[in-house]
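**Student:** This is the structure I have questions about; it appears just below.
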Amino acid sequence: MKSSLKLVDCIIEVHDARIPLSGRNPLFQETLGLKPHLLVLNKMDLADLTEQQKIMQRLEGEGLKNVIFTNCLKDENVKQIIPMVTELMGSSPRYHRGENLEYCIMVIGVPNVGKSSLINSLRRQHLRKGKAARVGGEPGITRAVMSRIQVSERPLMFLLDTPGVLAPRIESVETGLKLALCGTVLDHLVGEETMADYLLFTLNRHQRFGYVQHYGLGSACDSIDRVLKSVAVKLGKTQKVKVLTGTGDVNVVQPDYPAAARDFLHTFRRGLLGPVMLDLDILRGHPPAETVP
């Protein structure tokens, strides 16, 4: 990414709108220097944006004045990006590319926040063309800094897609869990049941009880074991387990907790439990969880 910087006029950083204040890689700001910078908060359809004004104020306090919320799968607000990028580059004192009339923009971000979806959306909007970048629902689809992809004719504009890059050290356990819930880390590296437990804790803390209705639970519940048991039974996710007893082996039917946890996470990620703002604790001034040693 650093070696491609000299070709770049502007940087678009894509992040997940459900975690607008946490989980961004701090090395981007340090490493990629003083280029004009636009923050795109994608997946806005999955985020509870009731506190959008507060989010914008917090980001402005961090020096991020140029922010756009998007849903790249439905092309929402994507049309604002190229005019804003053009304006940023035009007013930047560092833009000295002589008579070169084409622009080159680098797209950066942590894994699985929608960088490739953004590129495809821009092409649909401005070139009436389809996919140029592979898209996947898990981190790690884009593996190398790609060749330039045209996204606009007037102005002539190219994007460089880059692989998702997480910070080498995630600042706290809670930030790590938020990133995992948003799919920026492969689930099995964190543990699906651990993530489901944190998700249940978050939904209850924010009084988001969509899961009760979705799974027909009767009432909200703090026990992840009870919730996963109900989910497993509802979905028919059970497994036979041999239990050794004094009189020999007995087959016992048990709920498949990992399968239930996976369903709970996928249901959340598809927005079926309602829009959620995972950074509500930060917006309301609650302290983050302990730092990872």
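Sequential numbering from 1, following the chain as shown.
Cβ from N, Cα, C; glycine included.
Straight out of TrEMBL:
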DOMAIN    1-168  domain 'CP-type G'
BINDING   N42, K43, M44, D45, N112, V113, G114, K115, S116, S117, G164  GTP binding site
**Student:** Check the binding-site residues N42, N112, S116 for other C-beta atoms within 10 angstroms of each C-beta and report the one with the most.
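**Tutor:** Compared across N42, N112, S116, the most Cβ atoms within 10 Å surround N42.
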**Student:** Pick out which of the binding-site residues G114, G164 has the most other Cβ atoms within 10 Å of its own Cβ.
**Tutor:** G114
**Student:** Are there any residues at least 6 positions away along the chain from M44 (GTP binding site) with a Cβ closer than 8 Å to its Cβ? List them or say none.
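**Tutor:** For M44 (GTP binding site), the qualifying residues are A17, F69, T70, N71, E76, N77.
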